[in-house]
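Undergrad: I grabbed these lines from TrEMBL:
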type     : residues : note
COMPBIAS : 60-71    : compositional bias 'Basic and acidic residues'
COMPBIAS : 781-790  : compositional bias 'Polar residues'
DOMAIN   : 83-174   : domain 'Dynein axonemal assembly factor 5 TPR repeats'
DOMAIN   : 211-323  : domain 'Dynein axonemal assembly factor 5 TPR repeats'
DOMAIN   : 361-433  : domain 'Dynein axonemal assembly factor 5 TPR repeats'
DOMAIN   : 460-647  : domain 'Dynein axonemal assembly factor 5 HEAT-repeat'
REGION   : 38-71    : region 'Disordered'
REGION   : 777-803  : region 'Disordered'
Amino acid sequence: MATRDVDALWQDLAMENEYRNVDISRLLKKSMAMGGNAKKAKASVGRRATCAATHPNSASHRDNSKNLKDEESFSLPKVLNRLAAEQRSVRKKAALALETQFLNDGTEQQATQTTATDAFAEMAKPLFKRFNDPVEKVREVCIRLSTKCFAVEEDLLRYLPYLMPAITNRINSQYGYDEENQVFSRDQFLHDAFKRGRVYVADNQVTRIKPDEPSEEIRLLLLGLVDAVLQNAFERRASSILHAYIFDVLLVLISGIHDDFHEINIASCRILATISNHMVSVMKHFTVATVRTLMPLLLHRLARVRVAVVETIRALVTCPNVEKCKGSGTEAIVDLIGHRDENVIPVASFYTAEVRLNYFAKLDQDRNPMVRRAFFAMISDWMLNLPDRYDHESRLLPYLLSAVSDEDLNISGDALKTLEILGGRYEREHGEEVIEIKQYGVDGKNPTYNYRAPLPEPFVAGRPSLGTRLFVRGRARRFLNPILRELANWQDSTRAHAVRLLKCVLVYCEEAITVDVHSLVHTLLRTWGGDHDLLPELRQCAELAGRFAAPTTYLPLLLSRIRGDSDVVVPTVGGAVSHASQIEVALQVLHCLLRGSLDKMVLPHVPEILDTIALPSILDIESSAVKMALGQVLLHITKLLERSGSDAVTAFFLERGRLTSMEQSYSRIFDIAVVVMASSYCSAAVAEASDVLKHLAALESLMSIDQLYDKYSSSLLLRAIQSLQDILAVQWSPHSSAQLALEQILMSAPVDLLLKQGADLNNIFQAVLLPTPPSTGSSSVQIGSPSTTIAREGNAKKSRGAREQKYEQVLKRLMERVQAVLQRQGDLSASSVEASYVEQWVDFLSATEATAA
């Protein structure tokens, strides 16, 4: 070796394809190391230098050798032999050579080179063997090249016995199939223990096992190879050759579903959907287990993963089972909605907490419209095309109705079209029922309900068809109570979704909602004040309920709540259970229900409503919200009477069987309006009360509100004075209804009328401003400790002082009004009775000031 010529060494290098790009110095060092001593190495270096001096054209010779190598034809057997070499670098270079030859589309190949498909028969087995190569580049090239060849290969059966073991060996799926329970389980030991009675351990609680293939990209390429094989077989209608390997393919795909890489999840889902569409006879046995495996991915953080899973579940559930005339995966629908029959209790629930998740509810409220669109398309497909759809219509219908109220107009429009199709099919299947309803003309002709009022969005086109309404009505009662419960949910999004769904149910059910009005009213009372953002939607629901429920149905529930007859306190979502908040909510719900009802149905109940809201326990409440709600109800009733006129008497007679006069109702309206107007702390309520008086004056054909005061103030003033005298010593409050009515009448009623009641006014002013001192001879029983007695006396003194100050202000304003009127009339003579009242009032004020001094 020491005397070996350098030119001969270069000639050998030029003839070896494997060592084309190896550095020359490295080869020389390797050759000299074989000599065995340093001297030979030095001699070799010297000879190399001498040779370089002797042959100055060695560089040009190397260039010629490189060109010769490029022109040399590609030797596939040599590359495949080097692909099986022990050295990693050799295998990697062989893989790169294959990549350059077959996979780089931009490379210009010579005409003498064989194509990949022609050479695949020779290189298939060597490629499959390299699927387990420790070098990632080698595995990548082999899988990519195999995928390219299998995409166009005609004779798949020739290679499948070698390909499938190579793939399954590399993926090494840990999952097994339990045919009895229809589930895929990873840990067979734990699963067998569970079947024997052990508490179930979820897959996410078991220690995760790292896959044998560490590279995510390689695992994705392996799934691409499986997809290429399947697509080729399906295109050639040769799916039968895959029957022997389909179970292994399914286990590989189940591993892909549990993979952490989202692209692998998506690829696995798409392959499963393809198998479900082309291999029905095989896939129908695994659809339920596959859907149960896919369910956790419905909560994936990426929207496109959720979309892929939804589309796959759609295909799996609809995979036909012709023998049973059903979708082979429909048993998994119950698991998807988290439902279990009430009479079924798993043994494990006695030992550990059981959590059931409604995946459809999560998808229904998904923030991504693309996910919701795919989900609602799946529901529509199942409702229309499932062979056993009748078994699942009541479970799926709520989600279709939810799509009707979706924010996306396209989703809403598609859902409405689907419901119309379902309604048309219902009419064809129940022809006798529909024909009978149409022939008798009872649809929409019930005089009790308000059919003609416009419907809220998205029902701007009018009432749904008869078949659609009948279809929804027959199934709505199964899910109405869960909707009402969700109105009190702690999550804002859930409450918003529930109120939109309730609105759709009310539109489709119409008068059929009457049987559930008691539950609906109770729920509205609980949830009305919990979320102010939902109030507009809740008002629409209350109006719809009023349109399709007779007042005789909901008025007893609300009026008893307003009167306080019920001992049950209805807690609201916000937690407020005060008496004022309960009355406010009840009045607001009553107002919305009355707005939806027909006038002729409300008229017979006007006296009862007025008697209830005129109770002192309602008018005495010091709350601007209550006064505002009271003004709204009163204004609605006044406008109703103004529109109806004399029909109110007729309606009352037809309802109660006896005649009545509306004068008492008008007097009630006036009394309530006066009290509300005196509530100066609520300007909105004052404006409502002012409108009430204007409409009441027009209703009674009076020219002005003063004439209204002239007609009703006398009786109201007497009742107010009598009530104040009764409560003066113990229950007086500046915000009591009697006190507010007295102040408002003294400031607004005609002076002549007030002077006619001067004696009664003198009595009340004297009782307040000049009280009779208690008798010294009388003794009272002292209850409690001396400190309690002193505190009680102090509170009484403060209350008496506030009362005297309040009446002093009222009396001063009254005197100013009376004196101004008398001056305009020029009647201030001493003999005048009116002047004597004024003098007495002056004496009261003087005595009060003297007492205070």
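Quick reminder: no glycine exception, Cβ is built from N, Cα and C everywhere.
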Undergrad: Average pLDDT across the domain 'Dynein axonemal assembly factor 5 TPR repeats' (361-433)?
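TA: Summarising the domain 'Dynein axonemal assembly factor 5 TPR repeats' (361-433) by its mean pLDDT gives 93.
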Undergrad: When DSSP states are grouped into helix, strand and coil, how many residues of the domain 'Dynein axonemal assembly factor 5 TPR repeats' (211-323) land in each?
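TA: The domain 'Dynein axonemal assembly factor 5 TPR repeats' (211-323) comes out at 87 helix, 2 strand, 24 coil.
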Undergrad: DSSP-wise, what's the residue breakdown of the domain 'Dynein axonemal assembly factor 5 TPR repeats' (83-174) into helix, strand and coil?
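TA: Within the domain 'Dynein axonemal assembly factor 5 TPR repeats' (83-174) the tally stands at 64 helix, 0 strand, 28 coil.
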Undergrad: How does the domain 'Dynein axonemal assembly factor 5 TPR repeats' (361-433) divide up by DSSP, counting helix, then strand, then coil residues?
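TA: Here the numbers are 60 helix, 0 strand, 13 coil.
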